[in-house]
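Undergrad: Found this in TrEMBL, in case it helps:
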TRANSMEM  81-106  transmembrane segment
TRANSMEM  126-150  transmembrane segment
TRANSMEM  241-264  transmembrane segment
TRANSMEM  327-347  transmembrane segment
TRANSMEM  368-392  transmembrane segment
TRANSMEM  465-486  transmembrane segment
TRANSMEM  493-515  transmembrane segment
TRANSMEM  535-557  transmembrane segment
REGION    657-735  region 'Disordered'
COMPBIAS  672-681  compositional bias 'Basic and acidic residues'
COMPBIAS  717-727  compositional bias 'Low complexity'
């Protein structure tokens, strides 16, 4: 048995069918097409688990479903809409908290710096001001990284982890309350501390955590919060709420509710439906509205006036006398997209090498080294910015139309005083040749302002920044942002990439303007709104890094409020993605690979139709019998890490072939309804069950000659020779309306049919060894013919699957019975109690099991899932992949013909 993380991808397939063992091994281990995958195989990996998206239709669950009426389902649907609305509201409030606190901390830091600067600038000794700035930044960095020491999964943007979660991977601690606090509070000090990071990426993770926790109506951290509302306490329901929360985070960050839905659809969940689309859109709108309602007064607007829909304000792209773009500009946009893809691939490649080194030597060591790295990064960032502003900054004069009616080279946004209020004049003279001329430091205006303000200036201030300044900003941001992402602080990637890309685009626009003066024929390239180049540059670089297309297009369109930019942005993003994919994957996918998270791709590897399920199976089959001794169950749980176990019974292959007509029942039906016709209703109690299944009678002679239909009296005590399958398998289970149509062979019968009576009696698990057929490529290799013939005659009949969490819960509640009594004495447990500890089920080592308890028996057939998804061992690998990926399965039994499970035919 294996989890999704044991799936071994085969990347190279020859044109002929792999018929030998060595050839199949070569196909499964080939590295020929691994050139896109990041190196570093010796990176320490984590243990991951999968989520249970498939319902377990055992007896307690069926009994719970019979209590549901139409009103229950209607109530659940209404509550889903109510909850996604509250998820959007709470996500908007989290965004409000982050934005307000970042503004306050940023203003506090630079107000202190400004006071010291102006007090020392006349003396020419401003080093004390920069030392103060360095001290504040280091303090903020220590605080931000301290939260990562508390909760390591809060580092980074969280988007790779949420992407894995929505695709069925249970990343440890990714949706806990402590992670939300660490992420939301830590990002305050990351952004305010001067790191080249954004707060928009962590908003997506924060929204996903809100979506995961709010519908549970209880808290594992605050034990007193535990409301008796259990309808949405399952992985399937939580997955949908997490999708809505992630979309709400995007909507709050960029004011793009539709883009948020597309982000969850494109980058997040693999399991989508129409109703989820509507609920997610509603959640996104609630998030945007909440943030807009409460953030507008913070920015000086009257309460109720909705003027600030997001954390990022791209400003208004005014057409005025120039159009936003013309058709022939698409050629330039395509070229910019290709260059953006190259730059994005370079960014990803450098960050990959940094991350590999970080995973090898920092994360493996003490967590204090991650804090030390964060302090080192902020010290280098502060030093680089301070030196650049002091030495390389250009003092640029600015005037308005009234001061210079003739128009000059430095006239920016006539009549717009917001730009003057946002400029930084450090190290520039107070006045120029006349008292009407003021100066600002263009490099300090970008590096000392919040990144959102810098993006807005790069988009709309034409000629405000010189070419050397733009080149310096590009290099400083590119290097430091590449180093920072993945460090031990909460950090977003979107905003730094937008700054880098906008700088690149503004550099192109400014360079074309300069060239136009020398070559007037280039006027057609500058005859557009200058901010268009900055926007296209931002889109090209961000697309080259993250490789997103549809959702990023809509996000940028909604953020700019200009639908006319739809085609240029989408064309640019597509070209950037195509060019970048030549060299490596998107940065989020790279980090998923580096963390060795077992995330399956969207499609099966190329040419995998040459392989079958038998070629990629895990041969380590772990199984239990329908009735097993408690000590054997505890031993299995403590010596394996599997999350589920097969429920099987051994039979003789020769006995099976005696009656080929019985093979139609290759998966034995364990239960049939035995109740009066007036009570034989369907789940919704509206349709009668007109054809109840027959029940095998003890007097039927065929029942004892067919190993698939042995039937034993349910009320007799269990003899020691029938531990694996005693009389009373199932039976009337404390009012349960199900009874077994077929039972299982006792030990004596199994010994007679399989070993010819050669094995001794006793506990089946401990004394009866069932050796199963070997795979074809193993036959004839050092195995005696007599032993091989014996092995090929023994098979297991598959009945269902039981989860580890269910077994531990049964042990904890002592759901077992004495060997000298029938299974009707086994205590009952309902579905609600069986899943009471979700999602943090206890460990088997936390359950106290005495020696007397270990001698008890447990009837597992009542609690197993008798109808899991299965597939034939002859199925081609793309078929297996599609079933496993599309249905979101955690376990996939590989079956032989007629429902027989072989040792190597177990789980994918």
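Note that Cβ sites are derived from N, Cα and C of the backbone, with glycine treated the same way.
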Undergrad: Restricting to CB pairs under 8 Å, which listed stretch, 81-106, 126-150, 493-515, is in contact most with the transmembrane segment (368-392)?
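TA: Selected stretch: 126-150, with the most Cβ pairs under 8 Å.
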Undergrad: Taking a Cβ cut-off under 8 Å, which residues six or more beyond the ends of the transmembrane segment (493-515) line up next to it in the same chain?
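TA: That would be 157, 159, 196-201, 253, 312, 336, 339-340, 343, 446, 451-452, 454-455, 458-459, 462-463, 465-467, 470-471, 473-474, 477-478, 481, 484-485, 522, 525-526, 530, 532-542, 545-546, 587.
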Undergrad: Do the transmembrane segment (535-557) and the transmembrane segment (126-150) share at least 3 Cβ pairs closer than 8 Å, excluding pairs fewer than 6 residues apart in sequence?
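TA: Taking Cβ pairs at least 6 residues apart, the transmembrane segment (126-150) and the transmembrane segment (535-557) are not in contact, as fewer than 3 fall under 8 Å.
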Undergrad: Give the nonlocal contacts of the transmembrane segment (241-264) in its own chain as ranges (CB under 8 Å, at least six residues past its ends).
TA: 83-84, 87-88, 91-92, 94-95, 162, 165-166, 175, 199-201, 203-212, 214-215, 232, 272, 276-277, 279-281, 283-288, 290-292, 309-312, 494, 548, 550-552, 554-555, 557-559
Undergrad: Residues sitting near the transmembrane segment (126-150): Cβ under 8 Å, six or more positions beyond its termini, same chain?
TA: 105, 109, 112-113, 116-117, 120, 178, 181-183, 185-190, 192-195, 367-368, 370-371, 374-375, 377-379, 381-383, 386, 390, 488-490
Undergrad: What else in the chain is close to the transmembrane segment (465-486), if you only count residues 6 or more beyond its ends and a Cβ gap under 8 Å?
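TA: Distant contacts of the transmembrane segment (465-486): 155-157, 195-197, 343, 347, 350-351, 354-355, 358, 377, 380-381, 384-385, 388, 392-394, 396, 442-443, 445-447, 457-458, 493, 496-497, 499-500, 503-504, 506-507, 510-511, 514, 587, 591.
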